[in-house]
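Quick look at what Swiss-Prot lists:
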- N110, K111, V112, D113, G161, P162, S163, G164, A165, G166, K167, S168, T169: GTP binding site (BINDING)
- C243, C248, H250, C256: Zn(2+) binding site (BINDING)
- 61-218: domain 'CP-type G' (DOMAIN)
Amino acid sequence: MKGKIIKGIAGFYYVKVEENLIECKARGKFRHKDVKPMVGDNVVIQVENGKGVIESIEKRSSELLRPAVANISLAFVVFAIKSPDINFDLLNKFLVLCEYNHIEAIVCLNKVDLVSEEERENVKKRINDIGYEVLYINAKEGLGTDILKEKINGNITVLCGPSGAGKSTLINKLTNKEHMLTGIVSEKIGRGKHTTRHSELIEVSNGYIVDTPGFSTLEIKELMNKEDLKYCFPEFEEHNESCKYRGCLHNKEPKCTVKQAVEEGKINKYRYEFYIKTLEEIIEGEKNKW
């Protein structure tokens, strides 16, 4: 029978088959092939005496490594607009990770009541201009949860963002229950105490939400090579193949159409600067491998 892994704890996988939840172990053949089932996997299982065994894993449409989550189709990138102030380099990092994993990203700005409408709109425009949808939310009060539930419909949705941004509180509001302990943000350091224990799919509005502890520790330089990075910036897309030199990295090469677009104001210069900084980190990391 077919089902979906919604939780994994200490080698046990909990597979939802229609309305039933079946505790399963994976066949030894997966370990021998260095394949590990992931939360979000669509699987075929056999059941005996109420216990299941995972026989096969269907092809994944996407996968994240930390935490191990498969078949994500949508990401809510949750950032507090204030307390702490939004870190655009960190936001760009999450957006690049979403693009690399072929996951649609929607930026959710939390704590919008702490800033003026003008400041809020300026931040929204800055993000809209690079091609991403922005939604205003107040995780504590539940503001914006209705439209988020509409977006979740039919998707497996991952919440990502820095510690203290309101992810756990938002999950509690979306699921109408205290799914996770919510850490208290330290006023001194402005970071949340991460209290999540494991990854899990939570059913919401004919879709699923995934809690993703540890996602913020991912380093781009660990995931991709220097040739991959430019394809993670949607605003580069129309220019990537029109540079003079094939394989142009949009850095020091002459007659680069991306650099020209930056000079003409068609590409945000701060995003481009983030691209160059990240590119240099990847190149340095590649040197250190050898």
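Backbone N, Cα and C define each Cβ position, glycine as well.
Here the features listed in Swiss-Prot are painted onto the structure.
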| residue | record | DSSP (3 states) |
| --- | --- | --- |
| V112 | GTP binding site | helix |
| G161 | GTP binding site | coil |
| K167 | GTP binding site | helix |
| C243 | Zn(2+) binding site | coil |
| C248 | Zn(2+) binding site | coil |
| C256 | Zn(2+) binding site | coil |
> How many other Cβ atoms sit within 10 Å of the Cβ of S163 (GTP binding site)?
Replying inline: 19
>> In whole Å, how far does the CA atom of V112 (GTP binding site) lie from that of H250 (Zn(2+) binding site)?
In response: 36
>> Same chain, not part of C243, C248, H250, C256: whose C-beta falls within 8 angstroms of the C-beta centre of the Zn(2+) site? Give them in sequence order.
In response: H239, N240, K244, Y245, L249, N251, E253, K255, T257, V258, K259
> Ranked by the number of other Cβ atoms within 10 Å of their own Cβ, which of the binding-site residues A165, C248 ranks first?
Replying inline: A165
>> Among the binding-site residues K167, H250, which residue has the fewest other Cβ atoms within 10 Å of its own Cβ?
In response: H250
